[in-house]
Amino acid sequence: MNDSNRLRLTWISYFSYALTGALVIVTGMVMGNIAEYFNLPVSSMSNTFTFLNAGILISIFLNAWLMEIIPLKRQLMFGFVLMVLAIAGLMLGKSLTMFSLCMFILGVVSGITMSIGTFLITHMYAGRQRGSRLLFTDSFFSMAGMIFPIVAAMLLARQIGWYWVYACIGLLYVGIFVLTLFSEFPVLGNKGADAGQPVVKEKWGIGVLFLSIAALCYILGQLGFIQWVPEYATKSFGMDISQAGKLVSDFWTSYMIGMWVFSFILRFFDLQRIVTILAALATGAMYLFVSTDNPEHLSYYIMALGFVSSAIYTTLITLGSLQTKVSSPKLVNFILTCGTIGTMLTFVVTGPIVAKGGAHAALTTANGLYLAVFVMCLLLGFVTKHRSHGHVTH
């Protein structure tokens with residue numbers, strides 16, 4: 001594979017994470033406007049976004065096998081057609097059924113693209129470089145989280161229709177589509193297999209279970225927190241939509257900076273120990289945010305939370321890939337799927353909590369989930385295999 005083609009595939013991976021990040025993160029910003037558009041309470045409206053998360057989950061789960069049947073290039077080109085149809089449906093459709101269908105399609109496209117992006121990084125890069133590349137790729141999720149809430153706030157403040165926010169997100173897929181046209185993709189399945197090398201199956205071990213639970217709790221906690229921050233800030237502290245949007249943007253800006261910093265720092269530390277410390281710090285920072293009565297402190301606490309939690313998810317995935325001597329794409333995909341289940345459950349879990357106890361109750365629940373991540377990381381220390389495989393500094 002030549003360097004220019006590798007660079008194009010790497011940028012496809014970057015954009016794939018940005019696309020998923022944008023779709024998932026702007027939900028909290030546009031939810032109120034969409035609820036008003038369909039004359040529904042916000043807590044009821046949040047349930048329809050489960051279609052987006054379900055689409056992401058189903059496509060990531062199925063694509064572990066579909067990638068070996070349908071060429072990656074064809075999947076991405078077909079995804080572009082689906083993306084155009086879904087955004088057109090959001091703009092032209094007036095029913096809740098059409099909205100839910102379009103959200104599901106956007107989820108499917110996003111999940112397929114992100115699973116391909118993750119595969120490309122794990123396929124093209126190995127060892128220490130894989131971990132840092134995955135972390136940098138994941139930073140584009142955060143970058144989208146920094147940019148698109150600002151874009152959404154600008155559009156909504158000017159009374160521009162909420163569906164234009166999704167049209168702006170669609171521009172990311174235009175970039176993916178153009179790069180795809182000029183790229184050569186690795187071949188999977190029997191055509192790409194080396195017939196001369198037997199496949200050796202390794203047992204995953206109980207450490208993978210702890211990592212999977214941690215991944216699920218982390219994503220559910222993170223999204224359950226960040227999706228309800230705008231609602232919490234406006235209702236509890238009387239902020240306007242721009243101020244609430246800035247809080248979300250502050251979180252993802254700090255998160256992105258943290259990813260860049262930790263991509264250099266992590267190689268000097270044992271991954272299990274550092275992720276345990278980061279989970280403890282993140283739990284503490286979220287507790288400070290949830291418990292403070294001073295609106296001026298919210299920005300400081302949410303930036304601290306973003307920074308210390310930035311490396312947790314990617315480190316969990318990297319630790320998962322190091323639980324076997326030879327990295328297993330299916331193992332990585334399994335942990336990624338568990339994280340995506342957390343995404344899908346976001347509004348299923350937090351919707352009823354908000355309906356009964358308000359946004360503050362959802363944030364407190366998210367804090368409890370972060371505590372569960374810390375416990376899982378602590379337990380992992382007793383069973384992890386990454387040290388015995390000589391992967392301590394990866």
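Heads up, the Cβ atoms here are built off N, Cα and C, so glycines get one too.
Listed in Swiss-Prot for this protein:
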- 11-31: transmembrane segment (TRANSMEM)
- 51-71: transmembrane segment (TRANSMEM)
- 76-96: transmembrane segment (TRANSMEM)
- 101-121: transmembrane segment (TRANSMEM)
- 134-154: transmembrane segment (TRANSMEM)
- 162-182: transmembrane segment (TRANSMEM)
- 206-226: transmembrane segment (TRANSMEM)
- 251-271: transmembrane segment (TRANSMEM)
- 274-294: transmembrane segment (TRANSMEM)
- 302-322: transmembrane segment (TRANSMEM)
- 334-354: transmembrane segment (TRANSMEM)
- 363-383: transmembrane segment (TRANSMEM)
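Same-chain residues lying 6+ beyond the ends of the transmembrane segment (134-154) with a Cβ under 8 Å from its Cβ atoms: 10, 13-15, 17-22, 25-26, 29-30, 117-118, 121-122, 162, 165, 168-169, 172, 226, 241-242, 245-246, 248-249, 251-253, 255-256, 259-260, 262-263, 266, 306, 310-311, 313-315, 317-318. Counting Cβ pairs under 8 Å to the transmembrane segment (101-121), the top-ranked stretch among 11-31, 206-226, 334-354 is 11-31. As a quick check, the transmembrane segment (363-383) and the transmembrane segment (11-31) miss the bar of 3 or more Cβ pairs under 8 A, pairs 6 or more apart, so the two do not touch. Across the candidate stretches 76-96, 162-182, 251-271, 274-294, 302-322, the maximum count of CB pairs under 8 A to the transmembrane segment (334-354) is reached by 302-322. Outside the transmembrane segment (274-294) by six or more residues, the chain places 214, 225, 266, 301-302, 304-305, 308-309, 311-312, 315-316, 319, 360, 363-364, 366-367, 370-371, 373-374, 377-378, 380-381 with a CB less than 8 A from a CB of the stretch.
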